Ligand code: NDP
Ligand code: MG
């Protein structure tokens, strides 16, 4: 069980909920990192007294150094601070809760230091899942998923000693705020519309990914990497209520599911205490008060990002890094209200056709594929 954690991305939605869980469990905090949220980082550092606080924005880090001068916390600036935070010897668990591919290098660092990785940062597994999982095997580092669907699958796989017993994984998908709309209606949706998720409160990037269904596409790839299964064995079902968090179907016909109220503090806590369980901060599920649980097939024509992700998953190599890099840049443009909703899938598809795929990629190949996809979206 975890005693001391470091959180990469502590000021975000997952980061803040992780600190609530850390407080509940009485964990020590070794390092906290964020990009530029000075006020929130100062408040967290005063409350949790970490040895190290990192802001990747250098100017913000200089400001924070002054603010924390009366505390014992050392402040570092710049992206390399993430790797220092990932490597601090006193932390046994690193929670990767940064958004985007920036999580890749520090995750590899934490793996080399044999830490338990409580992994929320799905973009890292999407871009470099094979490299990351191979490194985890080589160094004997545990990767415990925090993403609710993957945590559900992880829980349903407890006791399964042979992966060949699995027929398929079934990822549930809320369908997002535009579920049931026509293409014409979806095309008019704005940033504000996309940021209104029906069941979860999350950071802006993943919330937009939920509206396009790219999030589910990224999660299909994440599941393939975590459980080393081909695309044919990972399916998606729409489940509007977000009560069934995902399922595992075995060859004997048994289908195991994990249910719970939609609250990330449950999977976060499980990643800390695994294999033990205890009382989480999530509200207990009252089955008799639940709405009826419904299941339906996803609409890949209205939400083309899911299909784009499945195509990249099938192609393999750097295809997923290209998909992810293009999507990150396109979502950034959408959040800045510079492009429309369907431009996200158009620009991602454009980058996928423009950037050539390298099979069996090295870390450098992956970083180059990511950069090329971003350049393509930005028109450089
Ligand atoms: P948020 O946007 O809420 O938080 C992101 C965190 O990362 C913040 O601490 C932010 O710092 C930091 N950050 C952002 N950009 C950079 C950068 N370039 N370099 C270093 N740090 C950076 O995101 P979420 O918490 O919603 O999501 C985090 C990850 O978890 C994502 O990969 C997401 O897909 C995954 N996830 C999230 C879920 C959720 O419920 N939120 C559910 C399942 C998975 P600052 O505040 O300074 O910007
Ligand atoms: Mg999820």
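Even glycines carry a Cβ here, placed using N, Cα and C.
Binding site for Mn(2+) per TrEMBL: 147, 149, plus 219 from the candidate set 58, 219, 232. Among the candidates 180, 187, 203, the residue that TrEMBL names alongside 11, 12, 13, 14, 121, 123 for the NADPH site is 203.
In the three-state DSSP scheme, residue 216 (1-deoxy-D-xylulose 5-phosphate binding site) falls into the helix class. The residues near the Mn(2+) site, meaning same-chain residues not in 147, 149, 219 whose C-beta sits within 8 angstroms of the mean position of the site's C-beta atoms, are 122, 145, 148, 150, 151, 171, 215, 216, 222, 223, 246, in sequence order. Across the domain 'DXP reductoisomerase C-terminal' (259-375), DSSP classifies residues as 68 helix, 2 strand, 47 coil.
Across the domain '1-deoxy-D-xylulose 5-phosphate reductoisomerase N-terminal' (5-129), the model assigns an average pLDDT of 98. Least crowded of the binding-site residues (12, 203), judged by neighbouring Cβ atoms within 10 Å of its own Cβ: 203. The binding-site residues examined here are 121, 174, 215; by Cβ neighbour count within 10 Å, the least packed of them is 174.
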